[in-house]
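To start, the structure itself, in structure tokens.
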Amino acid sequence: MGTQFTGIWIALLLSFPVVLSARDDGLMRIGLKKKKLDHLGRRVVPGSVNFIPKEEGGGASKPAATKKYYNIGETEADIVALKNYLDAQYYGEITIGTPPQTFTVIFDTGSSNLWVPSSKCYFSLACYFHSKYKSSASTTYVKNGTSAAIQYGTGSISGFFSQDSVEVGDLVVKNQGFIEATKEPGVTFLASKFDGILGLGFQEISVGNAVPVWYNMVNQGLVKEKVFSFWLNRNVEGEEGGEIVFGGVDPNHYKGEHTYVPVTHKGYWQFDMGDLLIGTETTGLCAGGCKAIADSGTSLLAGPTTVITQINNAIGASGIVSEECKTVVAQYGKIILEMLVAQAQPRKVCSQISFCTFDGTQGVSMNIESVVEENSDKSSDGLHDAMCTACEMMVVWMENRLRLNDTEDQILDYVNNLCDRLPSPNGESAVECSSLSSMPSISFEIGGKLFELSPEQYVLKVGEGVSAQCISGFTALDVPPPHGPLWILGDVFMGRYHTVFDYGNLTVGFADAA
């Protein structure tokens, strides 16, 4: 990680909140704005004859000026405003307890537990910079005490379960189990703009099998429609950072129709994704389909190193040179290419030249699987494993170029160049801010439709003028089979496409954000 990324690259990975910078109290507290729409989806101005205050469901009352409501037909939904920090953290306000104690949280579709710092957190510096829950101050607190720990992609917390009322917008969830975090080691949560995390994934991945907040909203009849939806404003200067709607969809923040795809695995909001294109050219790996999740808790867009490297090459992003990759190209590139031209089985190529001890179908000695094999466990033996991975990536890249009828020299030059584009160990890559106009679009095929990201949409620009830094919105993350390869469509994607999480029909929908 280069020093220019300090504070930007603290956390970027799977399903897990991205944390970037030190706390700024001036940006922490958000009014819980509500919006009312009539049956045609038009906004109704507060104070007009159509504005009818709603009865409080418990907890502290809020100023009438902040209480607006959202309706689709006869269905009322709850809208919670989000704050946008650098297009990398979207967080909103909740309260816990009676009287209410206020916390800011990431609404994270990639995890399923609610946790906030505990007043009993004594030895983690992060707790001293964030709001802490004090059970003795709440008349609705119920003791549990069961220990709990969560390991995120870029941080961890531990503590114990408690139970209390949780208010999200104007919805009061009673008897909600949550974790009081007593340990938040490292800098991940120390640097966060938010206090805790409210998971919106499925109960199947909930630590302690705790019932998620969303499930209780549904079970307690707080929402009439089993749907929640996200709009993430990618204009960091915008007055509104975004919003999450519980129980409906806000038509003011999308255009056209949503494309819905079924949830294929309950845990994360996972679905099948088709091909991935750089400009109009396929990347090869997902031509037969890939797995993907929509994850509001990940800032960037994460995918297998093989494809991320191709994207980084196409957009001119610079990462760390992989010596293993370049060694394989120099010594075995022509041999691998000749084997592929001779129609050797791609999965067996790397084992046949002794880079891998798994041939794509069965273990040769140590049962190390190929990255293109979907149903094996992986173990590592250091350098040998790194060379195996480099070889297997090369096979994918070469196959793709052979389909385009490139010559041998063109293919070897292309693959050697990709080695230079391999991302750093933390996955990040930088681009020249002046080159955006020449970069290709990147498209994802979902539900038979292409969802395109332009360079302005997949590059994060931090700072202004000569000191500005431009960061590739694509980060490498290799999830091994059987759960992977897996694409994590984080805020880079969800900012471009309004996203609906339909719990009732078990589908995810995407439409152009507005």
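A Cβ is built for glycine as well, from the same backbone N, Cα and C atoms used for every other residue.
Curation plays no part in TrEMBL annotations; they are all automatic predictions.
These numbers come from a predicted model, not from an experiment.
The active site annotation in TrEMBL covers ASP108 (among others).
All protein chains shown were included, and the count of other CB atoms within 10 Å of the CB of ASP295 (active site) stands at 30. Look at TrEMBL and you will find ASP295 (among others) tagged as active site.
According to TrEMBL, the disulfide bond annotation covers CYS121-CYS127.
If you take every residue in the domain 'Peptidase A1' (90-511) and average the pLDDT, you get 83. Marked as domain 'Peptidase A1' by TrEMBL: 90-511.
As annotated by TrEMBL, domain 'Saposin B-type' applies to 320-360 (among others).
If you look up TrEMBL, you'll see 384-425 (among others) marked as domain 'Saposin B-type'.
If you look up TrEMBL, you'll see 1-21 marked as signal peptide.
Between the alpha carbons (Cα) of ASP295 (active site) and ASP108 (active site) lies a span of roughly 7 Å. Take the CB of CYS121 (disulfide bond) and look out to 10 A: across all protein chains shown you find 23 other CB atoms. The C-beta environment of CYS127 (disulfide bond), restricted to residues of the same chain at least 6 apart in sequence and closer than 8 Å, consists of PRO117, SER118, CYS121, ALA181, THR182, GLU184.
Within 10 Å of the C-beta of ASP108 (active site) there are 25 other C-beta atoms, taking all protein chains into account.
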